[in-house]
Amino acid sequence: MKSEIEGCLLSALCWCPVSLDISLPSKCEEINTGPEMKKARQPIVFAVTFVRHGETQANKEHRIQGHLDIPLSPHGESQALQAGVRMKDTAFSRAYSSDLSRAYTTCQIILGENCCQPPSIVVDEILRERNFGSVEGVHIDEFRSQAEAEGKSWTDFNPPGSESLGDLQARMVKFFKEMCQSVYDKNKDSARDDVIEQDKMVEAEKNGVEDLQTMDLSDAVEHLLVVGHGAALKQLYIHLHSTLGCPLPPQHTHPQPLTVISPNSGISQYLVRYMPKKYNLLCLKLHDGDHLQHCPQQES
């Protein structure tokens, strides 16, 4: 009997249960059985209004100005005034201007008509007109003749000492990017963090412009005023529409609006949906000069 009991005990000690490899999630692991999720910072929407300076005597005489600091003519002051009257109820949160007097004075006059506690003006040399080098002060016809002598169109001609169109666009784009980031940094706390499905995020980015089309200026967290120059603003508009894909406004009348320069005191206005390195834009106005019909007729 003793030997039977010892045999049973020995068998029990030698028996090993089958090992089951069951992996359980640790407390630090998340179980995600649904679509891929991603935490995303929501974009902000702001408005920006670009204005070309009012007319100068050099504009009237069709002379190249570039970096020459030429003041507004009385007619240019009237143009700026009418632009200001048109936008008098716009609550601008920031105002930027080129340091050249024709742009700065235009900005002053516009804000002087504003009824919404206008901001102070931030002066930035980066908004200057193109440096036209050796042809500054000469008549546009002479500029064209020099270009033809070099076998080029005047729009592609780089006079001695001038700034290339590529360099001009690069500095205007730099200003635009820094402006967007500055507005975002100030207002990002109002753009709440969200956890959304990855496929819905992609769809939201695709529909950025469509989302903007349902908005108006009242949806903007800020409205910025930027006063600059014809050739410089033209290069920025080319970037916004050709590179960033902003659609042209349906009411534009020129067959090729990106090939022309805004009239003096002409207004271009955009809604910008921005988060770092992601842009959606909607153009509300481009080269708009409707207010100019209220200016007194210029003396010939």
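Note that Cβ sites are derived from N, Cα and C of the backbone, with glycine treated the same way.
Model, not experiment: these values are computed from the prediction.
The substrate binding site annotation in TrEMBL covers Arg52, His53, Gly54, Glu55, Thr56, Gln57, Ala58, Asn59, Arg102. Other C-beta atoms found within 10 angstroms of the C-beta of Arg52 (substrate binding site) number 29, with every protein chain shown included.
Taken from TrEMBL, the feature active site, tele-phosphohistidine intermediate covers His53. Just so you know, the Cβ of His53 (active site, tele-phosphohistidine intermediate) picks up 32 other Cβ atoms within 10 Å once every protein chain is counted.
In the shown protein chains, 25 other C-beta atoms lie within 10 A of the C-beta of Glu129 (active site, proton donor/acceptor). Residues or ranges marked as active site, proton donor/acceptor in TrEMBL: Glu129.
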Cβ atoms near Arg102 (substrate binding site) (within 10 Å, other residues, all chains):
28
Would you mind pulling the longest C-alpha to C-alpha span across Arg52, His53, Gly54, Glu55, Thr56, Gln57, Ala58, Asn59, Arg102, which the record has binding substrate, in angstrom?
15
Just counting, how many other CB atoms are there within 10 A of the CB of Ala58 (substrate binding site)?
19
